[in-house]
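Visitor: The active site, proton acceptor annotation in TrEMBL covers ASP274. Residues or ranges marked as domain 'PABS' in TrEMBL: 119-360.
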Amino acid sequence: MGGVLLHMNLSFVQCPDSASTVPGLLSIFHEQEMTETVHDTNGHGYLATFVGKNGRLVILRVHSHGLVTIDLQCYEEDNIAQLDNLLNALEKKLKVLLNGNITRVKRLPALVRGAKVDRYWPTADGRLIEYDIDRVVYEEDSAYQNIKILHSQQFGNILVLNGDVNLAESDLAYTQAIIGSGKENYAGKEVLILGGGDGGILAEVVKQKPKMITMVEISFMKVIDGCKMHMRKTCGNILDNLKGDCYQILVEDCVPVLRKYVREGRTFDYVINDLTAVPISTEPEEDSTWEFLRLILDLSIKVLHPSGKYFTQGNSVNLTEALSLYEEQLGKLSCPVGFSKEVVCVPSYLELWVFYTIWKK
């Protein structure tokens with residue numbers, strides 16, 4: 001049973017007098033058979049809670065700086081339309097009582113907490129997004145991460161790894177950006193993909209008939225089971241087999257594989273890193289994710305052909321400090337590199353995303 005939160009806030013030219021305002025609202029609460037409890041705020045405005053039938057709870061707060069907030073909590077099975085009417089009645093009454101003193105009224109859509117299907121996921125820059133998710137189609141835990149595939153009415157199935165929206169069936173823009181946005185010719189080339197367990201990158205690059213693609217995915221078998229069943233619009237049938245005419249999938253940790261390739265002197269025309277976004281943390285010397293990112297970068301550049309290219313995602317365009325730190329790390333590699341970046345709108349992310357192209361100087 002999920003809990004529902006409805007919220008309304010009202011801003012005023014002058015702070016309303018709670019002693020004259022609140023009594024005018026009590027009749028509305030009494031009509032709903034709600035009982036009032038006033039709480040001591042130590043002189044910081046007015047705070048009261050009203051408890052009614054079916055577990056309904058209203059929190060009324062009159063702030064001393066000219067703001068009134070009303071939060072109404074109930075169970076998902078309650079009559080939401082009836083509760084909307086309650087907020088309508090409170091708003092109408094306040095407008096009468098305060099006679100033009102209100103400068104703004106803001107109502108938020110109902111938030112459902114603790115529902116069977118979680119519809120709320122954060123963006124990389126910390127904003128909360130409510131998706132139109134209506135069911136969980138797949139969920140498993142690997143030794144490394146929690147794997148979910150959720151169905152969205154507009155984005156199709158969405159792969160979510162450890163609580164991060166990873167890729168939706170609508171997100172061809174992501175895949176195209178991380179393989180060069182149609183500017184590269186992969187025909188006859190050696191390609192290394194790090195991560196990419198959803199199969200989208202592999203499926204797109206295979207179309208160009210490369211010489212060989214080697215894809216290394218540590219938690220692949222858990223991801224493949226979900227994606228080959230529920231992300232077919234992204235991966236097609238490419239995940240049905242671990243080997244094909246021009247590709248092989250290694251279910252291994254990419255670090256030992258990269259080190260082996262360095263020792264053997266093996267090089268690739270393209271290295272595509274789809275392991276992780278640039279860390280949000282801005283402490284690169286202390287965050288283990290930054291350490292991992294630097295290691296992958298350095299090893300990848302060592303196996304990159306002198307005329308090759310390294311593609312990777314960055315992060316949200318709003319995370320300017322983290323992106324700048326990433327670009328600083330590029331100057332600390334074992335050999336000098338150049339880079340360019342592209343900003344792309346990835347539909348299911350609901351934010352602009354940065355992608356990098358890196359090459360040896």
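Each Cβ is built from the backbone N, Cα and C atoms, and glycine gets one as well.
Unlike curated entries, TrEMBL annotations are predicted automatically.
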Visitor: When you measure from the Cβ of the residue listed as 'active site, proton acceptor', which residues in the chain that are at least 6 apart have a Cβ under 8 Å away?
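Guide: In sequence order, ILE178, ILE193, LEU194, GLY195, GLY196, ILE201, THR312, GLN313 meet the Cβ cut-off.
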Visitor: Limited to the domain 'PABS' (119-360), I'd like the whole-number average of pLDDT.
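Guide: Averaged over the domain 'PABS' (119-360), per-residue pLDDT gives 93.
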